[in-house]
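J.: I am attaching a structure below and will ask some questions about it afterwards.
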Amino acid sequence: MSDDEDELAHLQRIKNDDYEYKHNYSDSQKHPKKKKLKALIPSYEFAPRVPPASTVVSSNPKPSYGGRNPLTDWTEHETLVLLDAWGERFLKQGRKSLRSEEWQEVAEKVSQESRIERTDTQCRNRLDTLKKKYKKEKAKMSISDKGFASDWIYFKKMDALLSPPSGRAGLDSGEFVGPSNGLDSPQNSGSGRSEKDEKPRLRPKRGNNGKKDKSFKLLADSFRKFSDIYEKIERGKRQQMAELERMRMDFHRDLELQKREILERAQAEIARIRQGRDDDDDNDDDDEDDDDRVMSG
C-alpha cells in the first residue's frame with residue numbers, strides 16, 4: 001500500500017513540475033523583454049548620486065546688481081568717476097581729443113573704482129550719451145526764459161568742462177573748468193572730426209516783439225484779403241439780384257402791354273360785330289315796310 005502511495009506522489013510531482021515548466025515557458029514567450037529585464041536586475045548596481053553643480057556653494061559669491069545690466073547701465077558713482085578721469089586728461093590736453101592710450105587709462109580708472117570691467121569703447125559711448133544730453137539741456141536754456149535751470153545731476157560738471165571760456169573760468173565747486181575752444185569727441189582723435197564741430201549747436205534767440213509784430217501783420221493782411229474777397233462776392237450778388245429784378249419788371253410790363261392790346265382788339269372786334277348785326281336788322285325792317293306798302297297798294 002505504501003508503494004502505491006509513493007508512486008502516486010511521484011507522479012503528482014512530475015505533473016506539477018510539467019505544469020510549472022509550461023506556465024513559465026508561456027510567460028517567457030508572451031513577455032520576453034520582461035524576462036530579460038528580470039535576468040539583468042541581479043547584476044545591476046546603483047551608482048552613487050552626485051550633487052548638481054548648482055547646489056555647490058561657492059566660496060566667492062558674485063555681487064548682485066539689483067536687477068540692472070552692469071555692462072550697459074551706469075551708476076551715478078561710475079559716471080562721476082568717468083567724468084573726473086576724462087576731464088582731468090581733457091584739460092591737460094588743452095580741451096583736445098584724447099588718444100587711444102589715454103582712453104585706455106580712463107577705462108582702467110573707471111574699472112578700478114567701480115569694480116566692473118569697463119572697456120574704452122564703453123567709456124566713449126557713455127561720454128557721447130552725456131554730451132548729447134548736455135546739448136539738449138543747453139538748447140532748452142537758450143530758448144526758454146531766464147529763470148530756467150536744469151535739474152540734470154551731471155549738468156554742472158558737464159557745463160564746467162564743455163562751456164566756452166566766456167561762460168566759466170577757474171574752478172567752480174571743485175569741478176574742472178578752464179579755457180575751451182571746442183568739445184572732446186568720444187571717438188579716437190583720428191576719426192577726422194574737429195573740435196569745432198563738437199560745439200553744441202544752439203538756436204539763436206529771436207526777439208519776441210519782432211515775431212509778434214510779424215504775426216499781427218500777417219494776420220491783418222489775411223483779414224484784409226478776406227474782406228476784399230467777401231466784398232467782391234457780395235457786390236456781384238447785389239448786381240445779379242438787381243439785373244434779375246430789372247428783367248422781371250420788363251417782363252411784367254411787356255406782359256401788361258400785350259394783355260391791353262389783346263383786350264382792345266377783342267373789344268373792337270366785338271363792337272364791329274355788333275355794329276354789323278344792327279345794320280342787318282335795320283335793312284330787314286326796311287324790306288318789311290316796303291312789302292307792306294306794296295301789298296296794301
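Glycine residues also receive a Cβ, built from the backbone N, Cα and C atoms like all the rest.
Dumping what TrEMBL says about this protein:
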type: REGION; residues: 19-38; note: region 'Disordered'
type: COMPBIAS; residues: 19-30; note: compositional bias 'Basic and acidic residues'
type: REGION; residues: 50-71; note: region 'Disordered'
type: DOMAIN; residues: 74-131; note: domain 'Myb-like'
type: REGION; residues: 166-216; note: region 'Disordered'
type: COMPBIAS; residues: 182-192; note: compositional bias 'Polar residues'
type: REGION; residues: 271-297; note: region 'Disordered'
type: COMPBIAS; residues: 278-297; note: compositional bias 'Acidic residues'
J.: Could you give me three numbers for the domain 'Myb-like' (74-131), the DSSP helix, strand and coil residue counts?
T.: 44 helix, 0 strand, 14 coil
J.: Restricting attention to the domain 'Myb-like' (74-131), give the mean pLDDT.
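T.: The answer is 88, the mean pLDDT of the model over that range.
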